[in-house]
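Remarks on the structure that follows.
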Amino acid sequence: MRKINVFDTTLRDGEQSAGVNLNFQEKLEIAKQLERLGVDIIEAGFPASSQGDFASVQAIARTVKGSSITGLARSLERDIETTWEALKDSAEPRIHVFIATSPIHMQYKLKMTPEQVIENAVAAVKLAKKTFPQVQWSAEDASRSDLPFLAKIIQAVIDAGATVINLPDTVGYTTPYEIGQMFGYVSENVSNIDRAILSTHNHDDLGMAVANSLAAIQNGAGQVECTVNGIGERAGNASLEEIAVALNIRQDHYKADTGLVLKEIKRTSSLVSKLTGMVVPNNKAVVGANAFAHESGIHQDGVLKNKETYEIITPELVGVSSNRMVLGKHSGRHAFKEKLMELGFNGTEEQLQKTFVAFKDLADKKKDITEDDLFALMTEATVGSSVAHYELETLQVNYGTTNIPTATITMKLPTGETVQEAATGSGSVEAIYNTLERVIDEEVLLTNYRIQSTTAGRDSLAEVYVTVKYDGTESSGRGTAHDVLEASAKAYINAVNRTINRKQFNEQRTNPLNV
Ligand code: KIV
Ligand code: ZN
């Protein structure tokens, strides 16, 4: 069985998904969960791209020791040095340096000749190799590059010290047959290829990212780059869970495995979905809500007689539980803590206490507390509180079919002062948002609003996701509460708080090399 290294880029390429902006604490939580899942390499960000990215890559490198942490860098001295500063404390520092190699990218984007691109790539790898023991080099848009040129540049960067060669299908254009040919060509025509691991990185524009990744693995790739739930630039990247489970279930065919802790897949998917606000479609392979549902009578009958008639993956394999009722109103702190530990809680004593208070509050309103409820409360307590500038104290909404909806809100301001405001709207949510805008005293444009329930049942927790434009930037926000209106208010305030946080953070850190 060949071991395939999993290179997760949820926090870098995945975070490039439109509308996704994870904060420091959320990135750290995702990185810890990826470590629990057993990924070999975590691409934690692009340190030279912003001070926020620098700080989160550095924090992940200092905290997560079970996976190798890497950061993306252009072939620029400044990028490579900044990436080293961010990663030097990690257990196994690794850099991911790239340059485009396709004719269209070299001519129009880089405005460089192929020879200049080779020179640049070699210089970048040599510089990176002075500090990093592991240097990954990527040929951006490799799948649209000239194969003899690709072979020539790969030969040169391996000689310069690259230990991993990544050949991305940057625009999601290639087919499984073609990607197989590209990996075959490189393996046969680069004489020093045995000194490096080949890696595949695929985008899903034509819906072939996973198929292309598997074809590359069959043709020599020893590393696969992917994201949780397949999130990423445009149509996304190859989905980690689909690749890992395909290799596991079809070991007979691929004779390769990732070694991931597959039972952590569902939890990882839920965490990423919750924190990014990107919904997992019901019919998504492996992690969708319907992935294990047998609807037709014939299928149900078959499954009752023998599960394997229609079920090739067991829910248990990927950690899908039946969302059991786990705790109730009378459960004590001890049972609560134990359950939370089982769910992977690794927060502080203060966060534990906060989750317990939220649990008791929910248990007063909801009869059975399920694993999904606990997961939602736990996520809120560990990452939701990290950005409190404005805080909701009380909310009252007056609604009737024949009167004008009115909201009255008491809020704590960033100055510590408490204010009360009221406003009307054509509906309850609009009345709340008009009131909040008065408190914030600046225009906040709502560009997206989505609501979903945590579990089935009329007493479920509500989760609201919003995107707002505030203070010149677009920011997403999330709110969870037993009541949909309270969740709506919290999501809006969370989005505003995130904008303020980001701004303050950038103001504080003017030079990433001095952090
Ligand atoms: O898609 C791509 O080419 C990338 C590179 C930076 C590796 O994400
Ligand atoms: Zn990419």
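Any Cβ shown, glycine's included, is placed from N, Cα and C.
Looking just at the domain 'Pyruvate carboxyltransferase' (4-266), the mean pLDDT is 97. The domain 'Pyruvate carboxyltransferase' annotation in TrEMBL covers 4-266.
Taking the Cβ of His201 (Mn(2+) binding site) as reference, residues of its chain lying under 8 Å away and at least six apart in sequence are, in sequence order, Phe7, Thr9, Asp13, Ser138, Asn166, Leu167, Pro168, Asp169, Thr170, Glu225, Asn237, Ala238. Among the features that TrEMBL reports, Mn(2+) binding site is placed at Asp13, His201, His203, Asn237.
The region 'Regulatory domain' feature in TrEMBL is assigned to 391-515.
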Number of helical, extended and coil residues in the region 'Regulatory domain' (391-515), per DSSP: 41 helix, 50 strand, 34 coil
Check: same-chain CB within 8 A of Mn(2+) site center, minus Asp13, His201, His203, Asn237: Thr9, Pro168, Thr170, Asn202, Asp204, Ala209, Glu225, Cys226, Thr227, Gly232, Glu233, Gly236, Ala238
DSSP-derived structure type at Asp13 (Mn(2+) binding site), helix or strand or else coil: coil
Residues satisfying Cβ distance under 8 Å from His203 (Mn(2+) binding site), sequence separation of at least 6: Pro168, Asp169, Thr170, Val171, Gly172, Ala209, Gly232, Glu233, Arg234, Ala235, Gly236, Asn237, Ala238
Which of Asp13, Asn237, all binding-site residues, has a Cβ with the fewest other Cβ atoms inside 10 Å: Asp13
